[in-house]
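Structure record follows, encoded as structure tokens.
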């Protein structure tokens, strides 16, 4: 019996929900640390239900160090695993890599309360494993897009990656509620259980290519194969041209401009709650709500931006390269200007409105530079490799950004110091886009061709020799 639901729509849901769950497991620690770690002067944990904090009685400096190491351990390993994600996807396929990486992250979440009772070093180890596993997910998912999604649908499909915005938006208020009602261990039990449940869906519903899908309709299969790029080859062994990727200016342009976008985005994600709590003086529940809501709106805006991008391509209003540059500019120049203004706005309502708009426009990147990766390298193994290369560079901003803010802001209630953070973020966001404007392109690169592996070459020589022998025998 044929599926009534298109297989591409199922893949969209799996991608969307996968990144949602992934980012819930990534960001739950930000709120749980309030109860997990305290010092002698802490008052946060007086109303928190649950086990004793991981580190009790330490000085303020000790507490700060432990917190920063626990948070940053995830992102160090996350950056290190990007190339590994590309290589693993090339070898084992998206279904295997994405699924197992999510399962590893989920199991670590479930084990986190036990690790916290042992020692904070055990927590750091689990967070490091989570970071490494999560770093595999993006190259894996990018690799599958070129095989499943036609060019005119690609920008819309990329909005599924914005499931992470919903994940962030849900995590902040959810963690606040769980902390108040049940205790911090249940934060990890909740996110970990969601992750394991998602893995079951992925196992039964995800497939690397349309031809592998046992329930896809013949009509949809023909549509996909007719409309995907001719440059996308059959799924088999490919030798990734790493040297050419490292030398590719378009690949560097994507990596550099996205570094600026990630830098400014993580100011909102990581430092936003601190700014709202210490400068705007919101209480914990209000802080969680206001910190999370812009990211819920981000998903809606990403769908809108990606829809408009696809229509501009479908009706040939703009060339593909120009579409990517326009939406990349929207994702970095506008937020750059707005975050600069935030430091000079006195009215809280206007400030929150500008804050909300800035976060929303950042998502335009998924119709811009982030979609550009598949444009220049649609081949299965190559797109994963390009993403791994770019992610290794631009995801370094995920820990450089909070470290920069921490270096500048020594008094968390000082608006002058926060104003400097916002100015630095604006400069980095706008300047990095300039490199993409000059060197960015959507043209498929010459190195995006299937290069036979050594095994293929040996196999070809054997076949050639067999043909020669057969010819001699016939003569």
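All positions are counted from 1 along the displayed chain.
Keep in mind that glycine also has a Cβ here, set from the backbone N, Cα and C atoms.
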Practice prompt. Could you check which of 81-100, 161-180, 221-240 is flagged in TrEMBL as transmembrane segment?
Written response: 161-180
Worksheet, complete the sentence: Residues outside the transmembrane segment (104-126) whose C-beta sits under 8 Å from one of its C-beta atoms, at least 6 past its ends, are 21-22, 25-26, 28, 36-37, 51, 54-55, 66, 69-70, 73, 133-134, 184-185, 188-189, 191-196, 198-199
Worksheet item: Where among 9-26, 132-149, 161-180, 289-314, 421-439 do we find the most Cβ pairs under 8 Å to the transmembrane segment (326-345)?
Response: 421-439
